[in-house]
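Colleague: According to Swiss-Prot, the protein carries these features:
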- 1-58: region 'Disordered' (REGION)
- 63-85: zinc finger (ZN_FING)
- 91-115: zinc finger (ZN_FING)
- 121-143: zinc finger (ZN_FING)
- 149-173: zinc finger (ZN_FING)
- 191-200: compositional bias 'Low complexity' (COMPBIAS)
- 191-350: region 'Disordered' (REGION)
- 207-230: compositional bias 'Polar residues' (COMPBIAS)
- 240-250: compositional bias 'Polar residues' (COMPBIAS)
- 259-281: compositional bias 'Polar residues' (COMPBIAS)
- 318-347: compositional bias 'Low complexity' (COMPBIAS)
- 363-388: region 'Disordered' (REGION)
Amino acid sequence: MSGHLQAARPYGSPTSMHASLHMPEPNMGPSGMAFPSMAPELYAPPQPLRAPDATSQPAPKAYACSTCGKGFARRSDLARHERIHTGVRPHVCEYPNCGKQFIQRSALTVHQRVHTGEKPHMCERCGKPFSDSSSLARHRRIHSGKRPYKCPYADCQKTFTRRTTLTRHQNHHTGTVEDAARATAEVLARNSVARSASARPTRSEGDQISNHGSPLSTPSPAQRTMSMSPSAELAAANGMQHQYNGNSSLPAHMRTDLHSSSPAATTSSGFSSNVRPTSHPNAYGAAPPPTTLEPSIEGSQGPGSAVGSPHMSSVGWASPSHVASPAHSNSGGNSSYVYPDPDSSYPTNAAAQGQMFYSAAMGLQRPGSAEPGAQSAYKPRQNELWAA
């Protein structure tokens, strides 16, 4: 028995006590013999305590008030609540000339601080002291900006930090909360209809008038007249000019039967036509261009005129201008044109030619003119007069 104990519980020799000791494994013996393993529950590391589940159901309120039906989880809470209905206030203030009664002892404790002036609760933001914790919590809303008490009237919606302030504010309202809610709903409905109507695009006054064909508006491409080429328009203009000046001995600017050739008539006729001016005019549109005030070379002149000039009416020069030139003729300058024989149009006698060009002109000198051939062109000098 003793040998078995020594084997189970060995001790080192005195000489080996001074040597470094080897710490054996918990489950190993000195000779390498393994002991039965220990239960893991004995040396397992401690587990952290679990926090209570937030979704856990609160304790059932088994104690209900017989007067108002309010439930409580503890009997003591129910007994304190019943004092509200019975009017029992067992806690009385012993301060002289006070005698106030309270249902709870905590309420009496807070009341006594009114007499003593004690304010143990202090604000950590501004350092203001308070006698109770509820007053300090109400004061903290000033710094945090929380206003939990809201006016129930829909047309007001003001918020307050204290319930008493909200109650005092509600006394100024007239009517019920339901009436205020209905009035607010009607106002919101009218505002939504007005916003939707203003968001719709409306036609401007210019768009409404444009349907009547205003002369100052730009017509659509379907209403515009087809534009002709510049060469065709100029050819038509030249033809009209030749037609106006035909069979007349007066130039175009002195004739009274051609009212359309004047600039004023041209300007007025351009705006009185049915073609409306556009931002992209196609030459002159359907109206003819303004005619040139110079006499045309195609005009047929009489035998006693020199290109229709009133100053050369006495010259007996038969002008061949009654024959149209090939460049401006209707045939377009074809090869069938034949120039007239000069013998039939001009006199062959040189003296007659000189008389035709100069004799008539000598009689047309202006009085006081210094041109050659004038009778008063030569004036004697002063020294010649003395010599004479």
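Glycine too: its Cβ is placed from the backbone N, Cα and C atoms.
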Colleague: In the same chain, which residue numbers or ranges, 6 or more beyond the ends of the zinc finger (63-85), come under 8 angstroms Cβ to Cβ?
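Modeller: For the zinc finger (63-85), the list is 103-104.
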Colleague: By DSSP, what is the split of the zinc finger (91-115) into helix, strand and coil residues?
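Modeller: Summed over the zinc finger (91-115), the classes give 11 helix, 4 strand, 10 coil.
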Colleague: Sequence-remote contacts (6 or more beyond its ends) of the zinc finger (121-143), Cβ cut-off under 8 Å?
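Modeller: Hits for the zinc finger (121-143): 110, 113-114, 161-162.
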Colleague: Could you give the mean pLDDT over the zinc finger (149-173), rounded to a whole number?
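Modeller: Mean model confidence (pLDDT) across the zinc finger (149-173) is 90.
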